[in-house]
Amino acid sequence: MGPLMVLFCLLFLYPGLADSAPSCPQNVNISGGTFTLSHGWAPGSLLTYSCPQGLYPSPASRLCKSSGQWQTPRATRSLSKAVCKPVRCPAPVSFENGIYTPRLGSYPVGGNVSFECEDGFILRGSPVRQCRPNGMWDGETAVCDNGAGHCPNPGISLGAVRTGFRFGHGDKVRYRCSSNLVLTGSSERECQGNGVWSGTEPICRQPYSYDFPEDVAPALGTSFSHMLGATNPTQKTKESLGRKIQIQRSGHLNLYLLLDCSQSVSENDFLIFKESASLMVDRIFSFEINVSVAIITFASEPKVLMSVLNDNSRDMTDVISSLENANYKDHENGTGTNTYAALNSVYLMMNNQMRLLGMETMAWQEIRHAIILLTDGKSNMGGSPKTAVDHIREILNINQKRNDYLDIYAIGVGKLDVDWRELNELGSKKDGERHAFILQDTKALHQVFEHMLDVSKLTDTICGVGNMSANASDQERTPWHVTIKPKSQETCRGALISDQWVLTAAHCFRDGNDHSLWRVNVGDPKSQWGKEFLIEKAVISPGFDVFAKKNQGILEFYGDDIALLKLAQKVKMSTHARPICLPCTMEANLALRRPQGSTCRDHENELLNKQSVPAHFVALNGSKLNINLKMGVEWTSCAEVVSQEKTMFPSLTDVREVVTDQFLCSGTQEDESPCKGESGGAVFLERRFRFFQVGLVSWGLYNPCLGSADKNSRKRAPRSKVPPPRDFHINLFRMQPWLRQHLGDVLNFLPL
C-alpha cells in the first residue's frame, strides 16, 4: 500500500486527525467582567479582559501559546483565576510645608484628599483632589510655595518621592515612585535661566491606570490648534501663539503616523487605527499649513505606505488613499511588535531628506517633525526603540534651542500589555505638556482624534472653523452667526466675514437709515461669550429697491438684497466668534486646498457642482437647518413655482422678472424654510471640515414661524399648499463686483 493510501485510510478511520491543531481552553471567564479574543481560541490569539468602570482586571490579558495553553501572566507564577479588583489612587508620600487629610495608604474611587499650607506659604494647585475611576487624581499637584527660589517649587506629585530642595538657577531635582507605581514624565528636572523647570512634571501612576479621552483630546488638540493658528499665511502674527507642534509661516511640518499591526491587534482594532489616522489627516489638511504625511504600519517589520519624500505626501486624497489601502494581512507572517524598526524608518526618511536638501540649508533646518505612534502593546523585538529616538534627535540636532522642532506622541491603546515606562521613554518631555498616553480601547482613541481640535486656541482670523464636537453649543458650531437688531427687537441675522465686517441683507435696513440705533450681537447672547457691537458704517447696495417694479405689478422685488456692516470694534476670535470663509478669496482657496492660480469660477465649480447641493442656514434658536440648493435645470423648475404666488405677484408673466440669476433657490419638500427674522443669515456648505458661505437668506413664499413667538416652533407647510414653499438666497458668486469694491482692502480676492 502506497503512502498516500495509508494517509487516506488514517484520515478515514480517525477523522479527528485532520483538525487536531491545538487550541486553548475556553474556561477563562472573569468574575464580574468580560473578555475579547483577537483571533479566537487559536495559538497567537490575545485574550483581553474588561471590567466595569472603577474596577480593573487581574490579569489584564493572556496569550494563547503554540502548545495550546494560556501563557501565565508575568506577575504570577501560576495560571490564576481572573478577577475584577477595585481601582485605587496612590497616596501622598510627602507634602512639604503643609498637611493633607485624610491620611490613607491608597484612596478608593470617589475618595478625596485635601491640602492646607503652613503660615507664610501660598497654596498653588488644587486644594482638594478626587480619585477618578481610571486610577488617576483629578486637578493639579498641590504645592505650598513661598516664592523664594529662582524657579517655583516644582512640588511632589502623589505617590512620588523627590530629592533636591534648592530651586536656584541650575539646581536639579530628581523623582522616583513608591512601591509598584510607574513614573511618567521627567525623572530629573533642572531650573532654567528663564525661571522654568525643564522637562515634564512627573506623575506616579498605577500600572493599570489609563487616560480618559476628554483628558487626551485637549492635550493633543492644543498642540495642533497652536500649529494651525500659527500657520495661516494670509495673516501677520503680532504675538507668539505658544510652542506646541508649531511651525512658522515660512516653515513646513512633517507628520509621521505609525500604526501598530502586530498579532495582538485585532482586525477591527486596526480598522479603528486607520480611521483615527484618517481623521487626523482630514483635519490637518483642512487648514492652511505646509504639511507632508508619512504612513507606516509595523509588526515584526515596518511597511512604509507613504513617505514624506514623495510629492503626493502633500496631497490629502493620496494620503487618505494610502491609509484606506493598508491591509491588515500585510503583516500576517510577522507576529512581533518591532517599534524600533518603525521609528528607524522615520529616521531613514529624515536622513534621506537631509541629504537631498543639504544639512546646512534653511529648507532642511526649518522643517518641524511630529511623530504619532499608535500601539497596543510593548515592543518585544528589534532592540530598544529609545535607540531610534536618540538617532532621530541627533539628526535633527535637538537641543534646548531647537526643542520645538521635534514632538513625539506615544499613544498606547488597550491597557493590556502597554508598557508605561516605554511610552514615557519615547514621548517628548516639554514644560506644561504631555506626550505619552494610554487609552482604554480603540473606541476611546477614535473619540480623541474626532474631538482633538480646540478651536478656541486659534487666535488668528482663520475662516470657516466650527467646533463639531458632541458637546459644542450651537454658537460654537456656527461661530460666524450674528444677530442684528435695533435697541430691543431682533430683526435680521448676518455672518462675520472678517474680524470687523458683517455680511447681511439690504432689506433689513429699508425702514430707516439711522444705524446708530442698531446693534450687532456677536457670540452666544445667552452666555458670557456674547458681546454687543455698535455699527460704525453700513454699506447698502445702491441697486436695492424693494418697490422698484411696483409699476409692473411686482409688489416686492429683492434684487441686490445685500449689505455690509462695519463694526465699531474688532471682534476677538474665539470658539464663539470666527468669520466664515467667503468664496473667491485667497482665504477660501487655502481652506479648499486648491492650487495657486485658482479663480472664482473654479470655486463656483467646486462648491456648486451638482443639480442639488446640500447646504445649511441658522434658525432663530441657533440650530443648523438643512436645505438643498437647486442648480441648472433644477433651478429653473424650483423658480417656476413663483408664478403661482398671486398675492405678491398678481400679474406676473415672466418669473425671471422676480427671480433673477442673482438668486439661489431651495424649498423642496425635504427642505426647511427660513422664518421671518432669519433674513441676512449665511447660506453655507461644508467642505473638508471648513464652512463656506455661498449665499445669504433673502425672501421666500412661506414663513414656518408665522403666528408663533416660540423660536423653537416651526411648522412645515402642508403638501397641498399652493404655491409650495420656495426660498431665495442672494448668490454671492453673482455679487462679486460689489463685494470686491467694498472689501478689497479687507479680503484677498482671486481673479474672476
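Cβ coordinates are placed from backbone N, Cα and C, and glycine is handled just like the others.
According to Swiss-Prot, the feature signal peptide maps to 1-20, an assignment based on similarity to another entry.
Taken from Swiss-Prot, the feature domain 'Sushi 1' covers 22-86. Regional average pLDDT for the domain 'Sushi 1' (22-86) in the model is 84.
Positions annotated as disulfide bond by Swiss-Prot, on the basis of similarity to another entry: Cys24-Cys64 (among others). The DSSP secondary structure for Cys64 (disulfide bond) is strand.
DSSP assigns Cys84 (disulfide bond) to a strand segment in the three-state reduction. Cys84 (disulfide bond) counts 19 other C-beta atoms within 10 Å of its own C-beta, drawing on all protein chains shown. Positions annotated as disulfide bond by Swiss-Prot: Cys51-Cys84 (among others).
According to Swiss-Prot, the feature disulfide bond maps to Cys89-Cys131 (among others), an assignment based on similarity to another entry. Cys131 (disulfide bond) is surrounded by 23 other CB atoms, counting those within 10 A of its CB over all protein chains shown. In this structure, Cys131 (disulfide bond) is part of a beta strand by DSSP.
Taken from Swiss-Prot, the feature disulfide bond applies to Cys117-Cys144 (among others). Sequence-distant contacts of Cys117 (disulfide bond), defined by Cβ-Cβ distance under 8 angstroms and a gap of at least six in the same chain, are Asn97, Gly98, Leu123, Cys144. In the three-state DSSP scheme, Cys117 (disulfide bond) is classed as strand.
Annotated domain 'Sushi 3' per Swiss-Prot: 149-206, in sequence order.
In sequence order, Phe167, Gly168, His169, Asp171, Cys191, Gln192, Gly195, Val196, Trp197 are the residues near Cys151 (disulfide bond), counting only same-chain partners six or more apart with C-beta under 8 A. Annotation source Swiss-Prot lists disulfide bond at Cys151-Cys191 (among others), citing similarity to another entry.
According to DSSP, Cys204 (disulfide bond) sits within a strand segment. Counting Cβ atoms from all protein chains shown, Cys204 (disulfide bond) has 23 others lying within 10 Å of its own Cβ. Annotation comment: Swiss-Prot describes Cys177-Cys204 (among others) as disulfide bond.
As annotated by Swiss-Prot, domain 'VWFA' applies to 254-452.
Sequence-remote contacts of a segment are chain residues at least 6 beyond its ends whose Cβ falls under 8 Å from one of its Cβ atoms, and for the motif 'MIDAS-like motif' (260-264) they are 38-39, 44, 46, 63, 270, 273, 297-300, 326, 328, 330-331, 334-337, 339, 373-377, 416-417. Under the heading motif 'MIDAS-like motif', Swiss-Prot lists 260-264, citing similarity to another entry as support.
Residues or ranges marked as disulfide bond in Swiss-Prot (evidence: similarity to another entry): Cys463-Cys581 (among others). Long-range C-beta contacts of Cys463 (disulfide bond), restricted to its own chain and to partners at least six residues apart, with a cutoff below 8 Å, comprise Ile497, Arg578, Pro579, Ile580, Cys581, Leu582, Glu587, Ala588, Ala591, Arg690.
Positions annotated as domain 'Peptidase S1' by Swiss-Prot, on the basis of sequence analysis: 464-744.
According to Swiss-Prot, the disulfide bond annotation covers Cys492-Cys508 (among others). Residue environment of Cys508 (disulfide bond) contains 22 other Cβ atoms, counted within 10 Å of its Cβ in all protein chains. According to its DSSP assignment, Cys508 (disulfide bond) is helical.
Residues or ranges marked as active site, charge relay system in Swiss-Prot (evidence: similarity to another entry): His507 (among others). Within the same chain, the residues at least 6 positions away from His507 (active site, charge relay system) whose Cβ sits under 8 Å from its Cβ are Phe544, Val546, Tyr558, Asp561, Ser679, Ser698, Trp699, listed in sequence order.
What Swiss-Prot records for Asp561 (among others) is active site, charge relay system, and it gives similarity to another entry as the kind of evidence. In the three-state DSSP scheme, Asp561 (active site, charge relay system) is classed as coil.
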> When you check the domain 'Sushi 1' (22-86) against the domain 'Peptidase S1' (464-744), do you get at least 3 Cβ pairs under 8 Å, counting only pairs 6 or more apart in sequence?
Replying inline: no
> In Å, rounded, how far does the Cα of Cys705 (disulfide bond) sit from the Cα of Cys177 (disulfide bond)?
Replying inline: 64
> Taking DSSP three-state, what's Cys675 (disulfide bond) in: helix, strand or coil?
Replying inline: coil
> Counting every protein chain present, what is the number of Cβ atoms, excluding its own, within 10 Å of the Cβ of Cys144 (disulfide bond)?
Replying inline: 21
> What is the nearest of the disulfide-bonded residues Cys64, Cys177, Cys638, Cys675 to Cys89 (disulfide bond), using the Cα of each?
Replying inline: Cys177
>> In whole Å, how far does the CA atom of Cys584 (disulfide bond) lie from that of Cys665 (disulfide bond)?
In response: 21
> Looking only at Cβ atoms, how many others are within 10 Å of the one on Cys675 (disulfide bond)?
Replying inline: 22
> Cβ-Cβ under 8 Å from Cys24 (disulfide bond), same chain, 6 or more residues apart: which ones?
Replying inline: Trp41, Ala42, Pro43, Ser45, Cys64, Lys65, Gly68, Gln69, Trp70
>> Whole-number answer please: how many Å between the C-alpha atoms of Cys508 (disulfide bond) and Cys675 (disulfide bond)?
In response: 14
>> What does the structure give for the C-alpha distance between Cys638 (disulfide bond) and Cys675 (disulfide bond)? Integer Å is fine.
In response: 19
